[in-house]
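Notes follow the structure.
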Amino acid sequence: MKQSLVDDTEDVSLDFGNEEELALRKAKIRHPLATFFHLFFRVSAIITYLFCDWFSKSFVACFVTILLLLSFDFWSVKNVTGRLMVGLRWWNQIDEDGKSHWIFEAKKVSLNNSTGTEAEARIFWLGLIICPLIWTVFFFSTLFSLKLKWLALVIAGISLQTANLYGYIHCKIGGQKSITKVTSRFLSQTVFQRMRKPRPRQIK
């Protein structure tokens, strides 16, 4: 029984390019500056809110500083870090008739484009979800401790950071039209499965 053997001197081309790019995508942070500022402004706003009494006795100075940090965070996350780290962006557009339209976009992920890595995406979503929860805790703490002068600032923090979270969730799942399609598809499948269930026979 003859067997064909491959000559050891032959060059066998092995494609390791995709594996290397996949490994880089999982481990490397492509946009360190965007990743830094994605967390810097929102974490700075929380730290300043917690310890502002140590730095200044002026309520107005603390209020303005925290509000500026929250505004910088909203702008940078909406316009820069979301696009670079996860390939998502959202904005509002007004047409010629004066109607307002919300647009949610998601960039197709490929190994050759400038979309962020998995590590950057994890950092992006953790920062986007955890910080609004912290401001929600601040809301209840100010409400129960009757520190009502801080209530407007806390509500501003919740509003700005929840707006970004809401917009990027819509980008991730494909916008309002996709939500409607997913919901209608789920309901139709549920109704169809219930109709197909065999009914138990009645014993006479």
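In case you wondered, yes, glycine gets a Cβ from its N, Cα and C as well.
A TrEMBL annotation is a machine prediction, not a hand-curated record.
Here TrEMBL flags 33-51, 57-75, 123-144, 150-169 as transmembrane segment.
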Q. Short question: which residues 6 or more past the ends of the transmembrane segment (123-144) have a Cβ under 8 Å from it?
A. 35, 38-39, 42-43, 46, 49, 77, 81-82, 85-86, 116, 150-151, 154-155, 157-158, 161-162, 164-165, 168
Q) Who are the long-range neighbours of the transmembrane segment (33-51) in its own chain, taking Cβ under 8 Å and residues 6 or more past its ends? A) 62, 65-66, 69-70, 72-73, 76-77, 80-81, 84-85, 116, 120, 123-124, 127, 131, 134-135, 138, 150, 153, 157, 161
